[in-house]
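K.L.:
Right, I'll just put the structure down here and ask away after.
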Amino acid sequence: MKQVLLKAWRARGWLARLLWPVAQLHGLLVRLRRALYRRGMLSSERFKVPVIVVGNVVAGGAGKTPLVMALVKHFQAQGLRVGVVSRGYGRSGHESLEVRPGTPVDESGDEPALIQHATGAPVFVAQRRTQALRDLLAAYPATAVVVCDDGLQHYALQRDIEIAVFDDRGVGNGWLLPAGPLREPWPERLRQGVDLVLHTGQQPAFEGYTSRRQLADHAVAADGSSLALTALAHQPVVALAGIASPEAFFDMLRARGLTLQKTLALPDHHDFKTGDLNALAGRTVLCTEKDAVKLFALPDHSKIKLLAVPLEFSPEPAFFTALDGLLTPLLSQLPSSHGHQTT
């Protein structure tokens, strides 16, 4: 059914038209909810530090998490104390939790675990992102800026900067769920607060900043050792991906000159279990970094030669120039106890 809808969302065919009346009701509810927050009839919370929300208006993944990691590293390079909050999609609990190196992935969620591993920044997860942010600031009161992963529709959290992310799907047929892929009306949502638009695909459908994404030229084992992908170029390998667009990962592996003997396209946030790898015993298996945070934790991952291939994601310089232009005035209003790290 998912694939049927994804196909229907590309155009305004018979199925999309059949669902269009429901989409109109969805649109009314979306606009009503936003109006209630805007008029203060539903409560929202503002924090003393700048909050940057990264999200999308299209259902499914579009590259939000790689952008969050790129933002964190950008701010860290400037010496800023930065934290991250997330709902932690797919996690087993709902309580607020700091994601640490030893936190089980089923408690943190795969994306928060990856963000913490890749950046070392404080990462907090909770069902309500406002609670996660309160706990983050209580634990790290000198934090200068907070990045919220996937929170564009979480209006209970007031934000200073909004970044909307799009892949090559753009807005699809331009209709709201379930007749189309849109969670919110576009470009109406652009006029109502989105500050920056970033395209993560190769063919931007409309105006916005662009980015470059490709796989690294090496893969990483569980012990942290690296292996050049060229060393795998003349042997068949298995590739698996439990992300929103597995085929994109497979295509990038092929672009690196690899021969994929078998591909395993799994649902986004797939919950790997002990025994899942038995059928691949003795094989060389390439996976995404997001899958690796779960697979490396399995006691039987040593049965296979499991390697994670990092994604290199770089927004164009003009994007960061625009972002810094928005953030700098906000940082200047912070107390002196916030801001740059001391060395």
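Here the Cβ of each residue, glycine as well, is placed from N, Cα and C on the backbone.
The following feature annotations were taken from Swiss-Prot:
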BINDING   V58, A59, G60, G61, A62, G63, K64, T65  ATP binding site
K.L.:
Around the Cβ of G60 (ATP binding site), how many other Cβ atoms lie within 10 Å? Please give the count over every shown protein chain.
P.N.:
15
K.L.:
What does DSSP say about V58 (ATP binding site): helix, strand or coil?
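P.N.:
V58 (ATP binding site) sits in a strand per DSSP.
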K.L.:
Using Cβ-Cβ distances, find the residues under 8 Å from A62 (ATP binding site) that belong to the same chain and are at least 6 apart in sequence, listing them in sequence order.
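P.N.:
Listed in sequence order: N56, V165, F166, D167, R169, T200, A244.
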K.L.:
Given a separation of at least six residues and a C-beta threshold under 8 Å, show me what packs close to G61 (ATP binding site) in the same chain.
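P.N.:
Non-local contacts for G61 (ATP binding site): D167, I243, A244, S245, D268.
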K.L.:
Would you identify the secondary structure of G63 (ATP binding site) according to DSSP, in three states?
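P.N.:
Looking at the DSSP assignment, G63 (ATP binding site) belongs to neither helix nor strand, so coil.
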K.L.:
Least buried of the binding-site residues A59, G63, T65, going by other Cβ atoms within 10 Å?
P.N.:
A59
K.L.:
What is the Cβ neighbour count of K64 (ATP binding site) at a 10 Å cut-off, with all protein chains included?
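P.N.:
Its Cβ shell of radius 10 Å holds 23 other Cβ atoms.
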